[in-house]
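Reviewing the structure listed below.
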């Protein structure tokens, strides 16, 4: 297992390099010029050209890419064109809010979606099942920003229970940290709760029809034991998979959520960097996201062995 | 006990169990001493000479002071300077600094700092470049005195040093000011009324400024960038909110105190809130514009440009930008900011009265236009340019033109508009923009009005008459001479259609009623602003 994990981690390096090259190339050929944005609207073409030269943007593609790779190999993610700050600093500033949002969302998803899916499967065909699946369709269909605005309107503006916007680090207190994350996590989590609930229900339904469940029932095992000990564990592989993939998808959802709730996370940093063509920042974020994606896939694979001992690597 | 308290209690209990941390008790006064402000855009970088975005200029005005400052009457007033002398021939300017000026690191402000700062500024500023072109020397005479020796008089010297157009001539310590003007500074020490808290800066999200205890304000009443800049709060936090609905909700909820630029759609909601004040933010407003490329057909022919001017309805453009709020716009038969001393409508007939589409079509035909595509660049990510672009597309179609509508983003428009290649080969025929009214008061910082061909702004208009009259304004020494020259500039620029003005529009600013002292101006002024809890 250890050698497998190591092999997988080593294999991430070329994946990240290819993704970074792809993104770098796309940005390079895309229209738009950071020097124009920096110089301001009233700048002369000569000013823009001088700024472009000072940033090295006038150099050929291969030299720019090569120089970036060289820095990466020396552990340097580069410097933002706009802020003149190290990319690692910028990412570090934004990592906390995004991780917090993802963590709370994930926790919310697991706590809400799995029991809902189990109950729906248990009561398959009943009113409760239809209500849960109806909620799932609703949650799956509503865009994050619509849910976000609705939540902000109701719980922040009308009821004044929670703040509209912002982020407070955990170091400043648990409640200040959490109260800023509740609404964004619900907004972001709606889709994933719906997705995980549906997958849980489907997986559970399949398992509940197995012979060993019938045997367990025949032996007189209680409903809770059947559902949560026998059935859920055996239905866990697809659930773990969809939760894992959800983590990667959360990154995309976080972009919109962070904008709606003014959370200074990686999503907003990404959008800002793309709009301004801040190449080093985009490359740094892409590398990080690629690594997270590969890591999550690895964690899913490893988790399989825990929930299903028949799986070996 | 309300629901929020219950929730807080529940979560707090859980949190304590999990982390052992508790929420800090925030003293009642702390909130009142921190002003939370939503700026118009990200403070993505912080060098007001390297980059000239308005948001950078606005933040820089807190941190760096200027030798002179323009006041609400648009007059330059002494700021860091105690006195100035001009030689009889107008070629030698000698300035003396106020005593007691200090930088945020405790060092005194000396003439050598000023010399280095002015040298860096002049390399990037249009007026600075004009001064550099006639400069003989700029030297420090002693710690508080410096001298600017010119080869010929430059009557607009004080205006150049006081103006609020970016880049302003901010004074930095010599070690910082010696940075190449095309490279970004990383040290943000100034002598302005507030210090920049670099450690708390999250570019694109949050910028923090703290009151500079050693700042010595002038004794006069503050007026825009001039006078006594009294800071009445301890801390100003700029919170970037890319989503207007979020900013509006945060203001309504009291999570922020002041929103610089609420969008017109949300103003009615804000006005209906009894805790919020809404008013025009910048009385100098903005001049809407689109530029035609003078290098290529059809707009290389002045008749085609005039045809467009004859047909365009400024009301259509303005309503597309500001909606139905008539208080927010004015027709603008010219190029200069309304309600300013040099405002003129001379030669503006072509933009006044009923629009004559038939006459415009006839003139367009006379220009030789024969249906070739007109490449119209429109940045969809900027509401103002998008609105104008939609109106222009409709206008051109009504004129019988074949519109090649390029919907793209501002960054792309910014780079493509610099292309001098023909429209079919990566170039363009039209693009849309707008100019801060503060930049359009005189030709001094009005890049868009310049018509010196290859050296002109994008579109490269070549109008010798316009240039001649701009030069006359620079040489003018009395207000009457200036007014006459500006009138002639307006007429010449309209005759040759240097660009197409689409109207004058204003924007709102909004703040909580527990904040007082906010004044109308071309940038948000934080001096004199106070807040109660």
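Yeah, the Cβs are placed from backbone N, Cα and C, and that goes for glycine too.
TrEMBL lists A:9-30 (among others) with the feature transmembrane segment. Long-range Cβ contacts of the transmembrane segment (A:9-30) within its own chain (Cβ-Cβ under 8 Å, at least 6 residues beyond either end) map to 61, 64-65, 68-69, 277, 279, 282-283, 286-287, 290-291, 294-295, 298.
Under the heading domain 'ABC transmembrane type-1', TrEMBL lists A:95-304.
For A:99-122 (among others), the entry in TrEMBL reads transmembrane segment. With a threshold of 8 Å between CB atoms, the same-chain residues lying at least 6 positions outside the transmembrane segment (A:99-122) that come near it are 128-129, 132-133, 135-136, 167, 170, 177-178, 181-182, 184-186, 188-189, 192-205, 208, 223, 227-228, 231-232, 239, 243, 246-247, 250-251, 254, 257-258, 263, 265.
What TrEMBL lists as transmembrane segment is A:134-157 (among others). Distant neighbours of the transmembrane segment (A:134-157): 116, 163-164, 183-184, 186-188, 190-191, 193-195, 197-198, 253, 256-257, 259-261; these residues of the same chain sit at least 6 beyond its ends, with a Cβ under 8 Å from one of its Cβ atoms.
Annotation source TrEMBL lists transmembrane segment at A:177-197 (among others).
For A:235-261 (among others), the entry in TrEMBL reads transmembrane segment. Nonlocal intrachain contacts for the transmembrane segment (A:235-261), taken as residues 6+ away from its ends with a CB within less than 8 angstroms of a stretch CB, comprise 97-98, 101-102, 105-106, 109-110, 114, 117, 143-145, 148-149, 152, 164-166, 180, 183-184, 187-188, 191-192, 195-196, 199-200, 202-204, 206-207, 267-268, 270-271, 289, 292-293, 296-297, 299-300, 303-304, 307-308.
Long-range contacts of the transmembrane segment (A:281-307) within the same chain, counting only residues at least 6 positions beyond its ends with a Cβ under 8 Å from a Cβ of the stretch, are 1, 5, 8-9, 11-12, 15-16, 19-20, 23-24, 27, 68, 72, 77-78, 80-82, 87-88, 90-91, 233, 236-237, 240-241, 244-245, 247-248, 251, 266, 269-270, 273-274, 313. Annotated transmembrane segment per TrEMBL: A:281-307 (among others), in sequence order.
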